[in-house]
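Novice: Reproduced below are the annotations present in TrEMBL:
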ACT_SITE  Glu171  active site, proton donor
ACT_SITE  Glu356  active site, nucleophile
BINDING   Gln26, His126, Asn170, Tyr298, Trp402, Glu409, Trp410  substrate binding site
Amino acid sequence: MTDALRNARSDFPTDFLFGAATAAYQIEGSGFGGAGASHWDTFAATPGNVAGADDGAVACDHYNRWQEDLDLMQAAGFDAYRFSTSWSRVMPEGTGRPNAEGLDFYDRLVDGVLARGMTPFLTLYHWDLPSALAMKGGWTNRDIAGWFADYCAVVFDRIGDRVAATATINEPWCVAWLSHFIGAHAPGLRDIRAAAHAMHHVLLAHGTAMQALRASGAKDLGIVLNFETASPASDSSEDRAAAARADAIYNRWFIEAIAGQGYPAEALEGLGPHMPAGWQADMDTIATPLDWLGVNYYTRALYAADPTRPWPRYRTVDGPLPKTAMGWEIRPEGLREFLLRLAQGPARGLPIYVTENGMAGDDAVQDGAVHDPLRQGFIDSHLDAARAAIAEDVDLRGFFYWSLLDNYEWAFGYDKRFGLVHVDYATQARTPKASYHALAHALSR
């Protein structure tokens, strides 16, 4: 018998949405359907960038198995499906003529979601930038704001009439900082000037797309931001200042700019000299009002001051809490803390969705089943945090588990398994895990 979750659907408001989330490059298979190369294809082809030299050419073969995957969602009792469209699939060169086969795929996908009684939540960018645009500077090039808005218009013109909510960009911190300063994601840069330009241009692209979509009549527009508790490694003033810098870069930069509060001083201290000329004139566009906010939350990090390093002069240290297979601390109360912080601060008055929350485990099929009790506890404890936030008057409308399927976990390749459903990449066999069955039972009561 599958262990039951403490939480049940009846513990939440009657109109609360439960869903699962995926991303195009991580599941579809970039080698199918006339998709162009993305900068992740290029990045993965460089030895040392991705564990196992894995790429997303096949991934979970969702491009060919999407009906089976939607059936799994329907059988679990999910209300909504959060998915992304691939820029490089829709517009293989980044601009110009769309790929009809790619648009047809998303047309069928959205109709399939609706036919199964679920609500489609669209994300327009989840990191698969066309290589043709990456070669022109990608997110470091100001022109990307227009390129992105044009792509968004093409997608929305095709499927926008049938999606319930649309996010422009998923996790701009990863798009900009993780990819251009830390260098762990495509394009793999470690350059503060490139990072500063990307940190600004990703928001300019968001705001430009918001304005263009709204002018065309689109409604229910938002963005998905990731938040990570940034705690000092000790009580020293140096470590507290380091954590404040990390919090400014990770958690405050994007939401405060969108809320019309500008960029935090703790981040401009280091990024300011490297920002694009005249960036201040873009802030009104960036602050185009949202209709909703998506919150991705996974973990916390401990920050220690490190004056031997260049700005922001900190390093992360291991914390004492239990960890997932990613090495990320499990701290569910951080979700409640962020939901309250946002609802009482820069996201005041906005409906909020938890658009990603989940964990990687060392999951394996044994006798036809996958036992993942740690994931079941993870889900329960984070649903507890969501309920606590609702009880404190946070306007939380839904919760999406990351992810429906084990998938291509970016620089970790296929080594890290976040799914409710196990994927055997050799055969593409899907095996629902114990957590899938436990969550399905919770949604039935």
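Please read every residue number as a count from 1 along the shown chain.
From the backbone N, Cα and C atoms, a Cβ is placed for every residue, glycine too.
Automatic prediction, not curation, is the source of TrEMBL annotations.
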Novice: How many other Cβ atoms sit within 10 Å of the Cβ of Trp410 (substrate binding site)?
Specialist: 24
Novice: Taking the Cβ of Glu356 (active site, nucleophile) as reference, which residues of that chain separated by at least 6 in sequence fall under 8 Å from it?
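Specialist: When sequence neighbours closer than 6 are ignored, Glu356 (active site, nucleophile) has Ala21, Val224, Asn226, Gly294, Asn296, Tyr297, Tyr298, Phe400, Trp402 within Cβ distance under 8 Å.
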Novice: Measuring CB to CB from His126 (substrate binding site), give everything in the same chain under 8 Å that is also at least six residues away in sequence.
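Specialist: Correct list: Ala23, Ala24, Tyr25, Gln26, Ser84, Asn170.
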Novice: In which DSSP state, out of helix, strand and coil, do we find Glu409 (substrate binding site)?
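Specialist: SS state of Glu409 (substrate binding site) = coil.
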Novice: Pairwise over Gln26, His126, Asn170, Tyr298, Trp402, Glu409, Trp410, annotated as binding substrate, what's the top Cα to Cα distance to the nearest Å?
Specialist: 18
Novice: Judged by the number of other CB atoms within 10 angstroms, which among Glu171, Glu409 is the least packed of the recorded positions?
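Specialist: Relative to the other recorded positions in Glu171, Glu409, Glu409 has the fewest Cβ atoms within 10 Å.
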Novice: Taking every protein chain in this structure into account, which of the binding-site residues Tyr298, Trp402 has the most other Cβ atoms within 10 Å of its Cβ?
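Specialist: Answer by Cβ density within 10 Å: Tyr298.
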Novice: What Cα-Cα separation, expressed in whole Å, is found between Glu409 (substrate binding site) and the residue listed as 'active site, proton donor'?
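Specialist: Between the alpha carbons of Glu409 (substrate binding site) and the residue listed as 'active site, proton donor' there are 15 Å.
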Novice: Quick check: in three-state DSSP terms, what is Gln26 (substrate binding site)?
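Specialist: In three-state terms, Gln26 (substrate binding site) counts as helix.
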Novice: Relative to the Cβ position of Gln26 (substrate binding site), how many further Cβ atoms are located within 10 Å?
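Specialist: Within a 10 Å radius of the Cβ of Gln26 (substrate binding site) lie 23 other Cβ atoms.
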Novice: C-alpha of Trp410 (substrate binding site) to C-alpha of Glu171 (active site, proton donor): distance in Å?
Specialist: 14
Novice: Other than its own, how many Cβ atoms are within 10 Å of the Cβ belonging to Asn170 (substrate binding site)?
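Specialist: For Asn170 (substrate binding site), the 10 Å Cβ neighbour count is 24.
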